[in-house]
Amino acid sequence: MLTFQQLQSITQGKEVQFVQSLPVVHLLTDSRKLSQPTGSVFFAIKGKYNDGHKYLPQLYAKGVRQFVLEQGEPQELQQLYPEANILQVANSMQALQQLAAWHRAQFNVPVVGITGSNGKTIVKEWLSALLSPDEMVVKSPRSYNSQLGVPLSVWQLQPNHTLGVFEAGISQPGEMEKLQAVIQPTIGIFTNVGSAHDEGFASREQKVQEKLKLFREVELLFYCADYELLHQQVQAQSIKSFTWSRQQPEADLYISATTTAGHRTIVVYTFEGEKQRLTLPFTDEASVENALHCLAILLYRRLPLSEIQERLDRLHPVAMRLEMKEAINGCYLIDDTYNNDLAGLAIALDLQASQPQRGRHTIILSDVLESGLAEEELYRKVAELVQAHKVERLIGIGATISKYNQLFSESDFYTSTAEFLKVFNPASFRNEVILVKGARVFEFEKIVQAFQQKVHGTVLEVNLDALVHNLNYYRSKLAPDTKLMVMVKAFAYGSGSFEVANLLQFHRVDYLAVAYVDEGVALRENGITLPVMVMNPSPDSFVKLRQYNLEPEIYALEQLEAFVGSLEPDAKYKIHLKLDTGMHRLGFEPEDFEELFRLLEQYPQVQVASTFSHLAGADEAIHNDFSQLQIARFRSMAAELEERLGYKVIKHILNSAGIVRFPEHQLDMVRLGIGLYGVEATGSEQEALRPVSTLKTTVSQVKSVRQGDTVGYSRKGIASTDRTTATIAIGYADGYDRRFSNGVGQVFINGHRCPIIGNVCMDMCMVDVTGVEVKAGDAVTVFGIDLPLVELAQNIGTIPYELLTNVSTRVKRIFYSE
Ligand SMILES: *Cc1c(COP(=O)(O)O)cnc(C)c1O
């Protein structure tokens with residue numbers, strides 16, 4: 001076992017304190033993911049938005065006794081953490097990488113390193129599955145391919161493994177050398193060259209060159225020679241390679257034809273002078289390319305053709321999404337049908353643990369497919385993980401997990417999914433967070449269906465990764481000490497306030513804001529502990545407001561009088577003062593100040609936590625002068641206020657558009673709204689954001705209408721020629737605006753934009769699908785990547801805000817991350 005002294009010599013760290021000899025089993029970099037304190041070493045990493053050093057006291061209190069950190073006075077550290085082993089290093093991330101590199105070097109096994117613009121994760125998953133009959137494979141969990149993810153992946157290598165498969169992703173020069181040192185691949189796969197992360201590099205050439213650094217020491221590199229840029233550089237660097245190509249017969253593997261037949265692709269290829277054919281269980285271009293990389297490796301390993309075909313037949317699309325959704329009896333489902341191995345299980349359990357507010361935690365778990373461990377040891381580890389994450393009930397499904405039932409406390413076992421469904425009693429699940437985690441063969445989607453409430457086919461899918469991306473984009477524009485308030489009013493702009501708020505709490509924003517007290521109460525009841533400002537609290541809700549520790553916006557004297565009228569003498573109450581600088585909606589004006597100060601002096605229990613104003617035209621450049629005027633007025637009013645109060649008050653004026661347009665006026669805090677949800681209100685940086693919401697529905701029926709027939713109410717849709725129409729399950733009651741009627745709106749079906757025909761009805765509307773292959777049950781996108789919100793809003797003369805917040809609450813929200 002690794003000792004503290006070794007850790008010190010590997011990382012070249014300075015010993016601040018050595019107290020006791022402890023095992024180094026878990027590398028902890030995120031304080032929220034602590035589950036087994038005893039064997040954990042915490043690496044305090046300084047990130048762009050956070051600093052691990054902030055969490056030392058909390059981790060120490062929870063029993064962590066080993067720390068690698070960058071800062072702190074030795075004496076002070078010894079005093080604060082008398083029982084901890086502490087190492088000080090120049091860079092904690094680098095120390096983590098050094099440790100992983102050292103660990104990697106202990107194993108003399110082949111290791112496959114994978115990089116490229118797309119397909120890394122899928123190739124990694126498929127290759128691991130294809131080789132698992134012959135090898136004990138260890139692989140990166142999910143898409144752990146970053147500076148942090150790679151060391152954590154490689155740390156999983158154990159003596160029983162015979163092959164490692166790890167992916168590496170970079171976004172700028174200088175990163176790949178570090179990942180190479182950690183993975184030390186002996187075999188390489190370069191999946192392809194695309195546009196992803198182009199912005200981080202001077203040129204495509206430079207990007208390819210940087211990525212190739214992963215393969216500095218490989219014995220063999222597999223790649224497709226049809227990527228010219230890549231091919232030239234591999235040749236120039238004389239990296240030993242195995243190439244495949246659709247164009248060059250001299251490649252090691254020559255693909256002379258790929259043709260689709262139903263749901264399969266027939267591949268005709270020549271390898272070592274022999275022409276053969278086999279089929280792939282996919283037809284889309286990306287899957288075929290990913291599978292061909294794998295084929296190259298299987299051929300290189302000289303597997304017999306019949307065996308290759310058999311293994312390829314078992315490949316399936318990798319479910320990258322992890323979905324969260326509401327279910328029967330107040331339950332909440334975390335649906336994760338990604339590969340069910342130990343590392344994937346640990347990640348899913350972490351996510352479940354981050355939802356502590358929603359009641360007790362249950363897991364429905366299939367046999368765990370892990371090739372690396374003896375059965376009993378494997379299930380012992382599963383039981384440990386489940387216990388460490390405080391899961392209260394386990395339902396095990398599968399013959400193997402059932403065999404080890406004695407390892408689990410509160411639990412039930414079934415040998416198959418069908419057996420579980422036969423006795424499934426919805427009433428025995430109530431107000432629980434249920435993690436559904438099963439290997440593909442167990443078809444847990446049937447269990448998920450059984451748990452889901454009956455809904456019509458319209459859903460709003462909310463991409464939590466995109467949300468975090470947008471959050472970080474705005475954060476990158478802020479000075480380090482500028483605070484961030486996020487607007488989650490109106491059901492978080494239609495996205496679902498609790499889930500969004502929970503994510504924002506996880507990512508440690510400073511403040512949330514809602515419009516009404518009830519919205520704030522709902523957040524508190526779902527376990528949101530962040531400070532919450534309520535923008536429009538009515539006097540009859542003040543009691544509730546205080547009961548739930550919500551902070552009112554105060555914008556008028558009568559309102560302040562009503563608020564102070566009912567205060568307890570010794571308590572403290574935070575308020576936020578809204579100043580009117582030109583919006584003329586709500587807020588104090590200079591002439592109110594004397595009376596305002598008189599009241600505040602009279603009620604010292606009331607503390608002004610912040611003061612703010614709102615820009616009327618930050619989204620449009622023509623109003624820049626006016627915005628500047630508002631900002632100047634605000635600065636002077638706020639300064640006067642602060643002076644009169646005699647203490648510091650947080651000052652804020654910028655909304656999403658303001659953050660982009662006037663970064664020099666961030667003051668103490670900004671208020672992020674629409675930008676978080678993927679719409680860049682000034683329009684100039686829309687490219688930098690990711691769309692968050694996709695509104696989807698399904699086709700209910702397809703019809704042929706003849707020339708002269710009419711479609712829908714008032715006979716507004718007139719068929720000028722014979723047409724095919726599809727009736728889709730969304731109408732104005734779902735929030736699909738009636739202004740989209742009669743060709744103004746379009747929806748996206750099977751790769752085509754199809755216009756609305758006739759008037760939008762309450763629960764449905766009809767679209768013209770002439771010439772498009774469409775059948776009942778097909779998916780329809782109403783807005784999303786293929787139909788940007790901004791464009792839809794323009795078509796009916798409104799703004800994206802309205803479209804987002806109009807999506808009715810009867811439309812089910814599904815939250816997912818990749
Ligand atoms: C809604 C709101 C915001 C956020 O505006 P966006 O344009 O969505 O960024 C900021 N401040 C106040 C007072 C608001 O009401």
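Backbone N, Cα and C define each Cβ position, glycine as well.
Now, the feature entries from TrEMBL:
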type	residues	note
ACT_SITE	Lys489	active site, proton acceptor
ACT_SITE	Tyr713	active site, proton acceptor
BINDING	Arg585, Met762	substrate binding site
DOMAIN	692-816	domain 'Alanine racemase C-terminal'
MOD_RES	Lys489	N6-(pyridoxal phosphate)lysine
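Sequence features, as recorded in TrEMBL, placed on the structure.
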residue	record	contacts (Cβ under 8 Å, 6+ apart)
Lys489	active site, proton acceptor	Ala513, Val514, Ala515, Tyr516, Glu519, Met535
Arg585	substrate binding site	His614
Tyr713	active site, proton acceptor	Gly758, Asn759, Cys761
Met762	substrate binding site	Gly731, Tyr732, Ala733
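Residue counts of the domain 'Alanine racemase C-terminal' (692-816) by helix, strand and coil are 23 helix, 49 strand, 53 coil (DSSP-based). Residues belonging to the domain 'Alanine racemase C-terminal' (692-816) score a mean pLDDT of 95 in the model.
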